[in-house]
Structures are given as C-alpha cells and as structure tokens.
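These come from TrEMBL:
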- 202-304: domain 'Peptidase M50' (DOMAIN)
- 465-584: domain 'CzcB-like barrel-sandwich hybrid' (DOMAIN)
- 163-180: transmembrane segment (TRANSMEM)
- 200-221: transmembrane segment (TRANSMEM)
- 259-282: transmembrane segment (TRANSMEM)
- 288-308: transmembrane segment (TRANSMEM)
- 364-387: transmembrane segment (TRANSMEM)
- 393-417: transmembrane segment (TRANSMEM)
- 429-449: transmembrane segment (TRANSMEM)
Amino acid sequence: MTGAAAVAATGGGGGGLPDVLPRLREDLQLLEGPAAADGAPSWTVFDPVRNSFFRIGRVAFLLLSEWHRGTPAEVVSAVNDSTTARVGAAQMAHLLRFLETNDLIAGDGPKATARHARRAAQARVSPWRWLLHRYLFFRIPLVRPDGFLDATLPLVRPLMTAAFVRLCIVLGLIGLILVIRQWEAFTHTFVSFFSWERAGWFVVALACAKVFHELAHGYVAKRFGCRVTTMGVAFLVFYPVLYTDTTDAWRLTSRRQRLLIGAAGMLAELMLALLATFAWAFLPDGPVRSATFLLATVTWTMTLLVNLNPFLRFDGYYLLSDWLGIQNLQARGFALGRWRLREALFGFGDPVPERFHARTHRLLLVYAYSTWVWRFFLFLGIALLVYTVFFKLLGLLLMTVELGWFIGRPIAAEFAVWWRRRGEMRLNLNTLIALAVLGGVVFLLAWPWQGRVEAPAVLQAERRATLYPPVAARIVEIHARRGARVRKGEVLYRLEAPELSHEIAQTRRRIALGEMLLRRQAASSAALQRLHVLEQELAADRTRLRGLLSQRARLTVRAPEPGLLVERPRELQVGQWVAPNQPLGRIVSPGKAALRGYVRGSDLPRFAPGAKARFYPEDPARPPLDARVADIESVNAARIDIPYVASVHGGTVAVESRRSRDAEAQVAGSGLVPREAVYRIELRPEGGSVAPQQVVRGAVMIDGEARSVIDRLWRTAAAVLVRESGF
C-alpha cells in the first residue's frame, strides 16, 4: 500500500489527520539552512512575529512545499511521485503536531480558537508562582540597536579586518615585553585598588569592557546581514549581565559566520586587553592607568571563565552547538543521556533517540552527564546563596523551593519513568554491575568501618616555659646560649626599659608628695574631710609602684626552672630592642613527654579517658608513639593556646586571628579563635617517652566508637539544622 493510499484508508491520516489541511500563516518565511552534522540539508522556518526560528529536515520541507494541494493524501502523493522520498501518515501527523505546537498555522476557525484558549490557560500562572521561578533569572530589554548598528557599521568595519587583528597582536606583544620590564610596578597596580576611588574605576572599566563585548556581537551580526532586535541586561541570581539578541543568526547557512558571531564578544575583549597592555606601559600613574590594568588582566579572564563554559547557556554553549552542527544541543544531549542510562541499568531495549557518528555520540553523552553534575552543584550553590541573602524564614522557603524544583523535580521525574516501566526491566550484565556497584556504595556508606578519631596534636616536654620580656626593652647583657643546660634562677638576659624607669621615678615622686600632703592634712582640722581621698590615692600609687618594681625585676630574665634552653633566636644582640610579645627562648625540662591536641565537638562522644591512641609525627623520620587519653576538657576551647595546630601556622584547626592586649597570650597563641567547636585533650605517652627538645607536630589517631559515613553525615546535618532553626 502506498503512502497516499495509507492516508486515504485511515480517513485522512491515521485517525489523527484532518480531511483538509489547515492554512499556514502567510507571514512565515522558509529559508535555506546549514548542512546538518551528517551533511544532510536543512531549512529554517522564520516566524517574524515572535522573532523565532525552527529548523526542519528534508521530509518536512518536501511536505511544506506541497502544502498548497489542500489534503494530506494529495500532499503525500505529490511528494512520493516527484521525489525519491517515501513518506506516509506518520510523517504528516508529526509535521502537523509540530506546526500546531509552535503556532505556525493560521488562527481561524473554532479549532484554532480552542487551541489558543488551551495554550493560554496552560501558560497562565499566579503572580507568586511566576515570581518564585523567575526571580533567579530575568531579562530587561533596554534598547533596540538595529538602526544605530546599521548607521555606525561603516565606522567599525575597519576594526573587523585581519590587519587590525595583527596590529593588536603586535602591540600586545610589545606591551607584554614592557610590562615584564616593569613587573613590580605592574603588580603594585593591583594593590593600589584597595581604595574607594580605584574601586570606582574598576566598576567603570568592567562596564566598558562588557559594553564592548555586546557591541561586538551586534556589529559582527550586522556585518553578516542579521538583525539585532534588542540589547539589555539580564539578572542571574541578582548579578547583572548584559546580553544581545542575535537570534537572527539562525538564518545564516555558514557555520563559520555563526561561530564568529558567538565568539565576537570574547575576541573583542581579548583585543581590548592587548591594547590596554600596550597603553599601560606609557600612561602615568593614576586612575586611567589603573583602568587599563584591569582591562589587561581581570576583565577578559572573567569573560573567558564564564563564556567558555558550555554547561551554561552563554557564548560557550552556542559555540559548541554551532561547532558540532547540532541545534538544541542540551535537549538532544539530555535525551541521549537518559536513554543510555536506562539501557545501561534496565535494558529496556528502546531505540536510540537520534543516531549520530560514534565520536559525536560519545561526546554528547559526556556533555549530558557533565552538565547534570555541573547543574547539581550550581543549583546547590544557588540555593545556599539564596538562603544566606534573605532573612531566615524566606531564605529557608526559597532554598527548599530551589532544591525541589531544580534538583528534586528532574530526579523524581526520571524515577517516575523507571517505576512506570518496572514491568519492562530485564536483568542483564549492566544491571548486575550497577546493582553490585550500588550495593558496594551503600555498604561502604552504611557500615561502621571507621572507628578511629583523628585529631591534630603536638608532642612536647611536660614541663616547659617560654621566655619573653615584660615590656618593650633593650638588651643589655646576654648570658643565654642556645642548647645550654640552665639552673633554676640562673640569669639569662639583662634588659633595660627607660620608660619603665621614668614611670618608677614619677610614681615615687607622687608617693613622696602624697605622704607630705597627708601629714599636713592630719595637722589641719579644717581639711580632715580630704584625708580619706589622699589615703586612697597614696595606696593606689604604692600598689602601682610595687607592680612597676616587679616589672623591673623581671627585666632580669631568669630561668623559671631547670632544663635545656632551646629555640633561642640567633638574631638577638646587645643593644637590640625587643617587643613584649617577642619570645627570647624556651626552656625544656628533662623528663616526661606530653601530648596535647584538639578534637572536634562531633567526635567528642566517640571516646573517653583511657582510650588507646597513636601519635604520628609530621616528620617521617620520627617513629609513631603509643599513648592513652588522660584528660578531656568539658568546655570547648575559646582560644587555641597551641599555635602549632592552628591553620594560620600550617595546622588543621581553622582559626581566626584576633589581637590580644596580653603579651603572654600573644606568645601562647591565645589570640587564635577556633571557627568551630573544638575541645582540648591531654594524652599520656606510653613506654617512658623522653621529652623532645623541640615541639613535634603531628596527628593522633584515637580508638573510638565506630560510625558509618551516613551516621556522621546525619549527625552533621542535624547539628546544622538545630543551629539554623533559631529565628
């Protein structure tokens, strides 16, 4: 049975075709399109009302060419008789659905009215729902630049020549050589941006670069005869991004021309960066030079990082789409990725959605799965950003909606397909491998195989002392020798502090004056009422004098206990000034070693005093050391007094540095505030370990209660929920 006979036998078209074909819209344009990825010809249907383009293949083009015949049977018969193509009711029905879905049929008659009413009802959403799903990304058209671009294109045309590109490259290379010769001044330009004026120039330079970027898209599109309908600003998570509507590039048949339009913005910023590099070397220091520095370094790198990413629908996505010759790259890649996933897991036996060359097939699969992973982390980051930007109640609501709509909804939709087709699932090798891998992952996550608690710790002498001056002072004598054994009370340094001596003299004079006034007041009956005030002032001065004398006595730095003098700064010399928080050395008493460290609050319930532990030094030349937990502080540490484990000194405990007015606290490291709750622990080394001369940093592994990864993740999540649940 021929295709026309099949159409006639079904009463017009398989139960779904009308007896008479609807009229096509008269304003539609049928244009020749580019060759497809497999070399097949294509055509483009242009809808001028919506400025939309639709790409069709050879069969659809042949059917549309015979559309004037009026009935499905006559159209199919004409195509089969006049061409080598063989079409039937299925192709005609598919084309009709495509035309109706995209409103390419003339809107007259009751069917058209019902169709438009149905579509309007589907598109109608409440303002709250519209706002909920559009506030993360929305566009604001600002100008219609087509006329301006037409008028100024002759002025810009010389900039779109190979000669201008070569000139920019030469100037950029010269500028780079000059910048290398002034490298220190060039890098200092960035440091100078930390001011409000320079920050303002940063914004101006960035805005100018982005305007050039969008104008480049527009001018290149005009050069190839395309219309540029709008330019405006889009807000991506409230971040402004300029955009140019170059949809008219769909009418171009040359892949090279479409690639040039897509890459024009990035190429323009690269040319601008080359010229800015050259200009920087000749400009005087000032705001203009700072702006050229930004154009030469920051703006184009930001542009490439964003626009070369094919996972976002920016320039990089359209460049990849045009390079592959595959329109609707994401939708077609996702369809192929879903098909491959279902076949690998369940062996449904579905046909391939589209057939591509083997290399393109693999590339589309990699692109689809990479985009899914990228989108997962992108939407997760956006949800967390939304949560932190808004007040807590609204932020929590919006974060839940974002996670549910952008991450949960696609996953739930795919699971729904699997459940609906559960009767078609067939066990195969891929299914068994997938089940085995899934079971292995679940086992590793659920089994409590991790029973050791890791904590940063240091190995040091149990008895030790750090030497430091009481006030800012000058070194008069140095008796301390690095590595020498010292006795308790032995003099190590003699210091002098002229300011301290001056304060002592002033205080003594005030005391003498106060004693004299006190004697006179006692002899005068009229001034007895001031006697109490004078006594208080005199007592305060005497107390102050005792403190100052104590500080002066400490200018003679003595060994607080017997031991070995270590970590004496080699640069100390007689006559040198030292600060109150500058260590003069450390005395380590011979004897037992001690292990001290910090454990996270989440790991605290997993072990108790007496638990076995093993210390692993950072220095691989040192052997591990067995120990037992001796003490665990019951209150989390407000300060880190072991600076070796702090992140600012290369440790693993995340801290914030805060200034302390206490010199002793600064030396001890107690100006370091932990970012999360940590608890100090003391461990007792086993086997009579001798105290090391220097502090040894490492990690201690403590035997504790075994917990699974899922359990730890759940406890962490629960702690976060409890912490964030307060309003």
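Any Cβ shown, glycine's included, is placed from N, Cα and C.
Summarised by DSSP class, the composition of the domain 'Peptidase M50' (202-304) is 71 helix, 12 strand, 20 coil. For the domain 'CzcB-like barrel-sandwich hybrid' (465-584), the number of residues in each DSSP class (helix H, G, I; strand E, B; coil) is 55 helix, 26 strand, 39 coil. Most Cβ pairs under 8 Å with the transmembrane segment (163-180) belong to 259-282, among the candidate stretches 259-282, 364-387, 393-417. If you look at the transmembrane segment (364-387), the same-chain residues 6 or more away from its ends with a CB under 8 A from one of its CBs are 136, 237, 310-311, 320, 326, 329-330, 332-334, 336-337, 340, 356, 395-396, 398-399, 402-403, 406-407.
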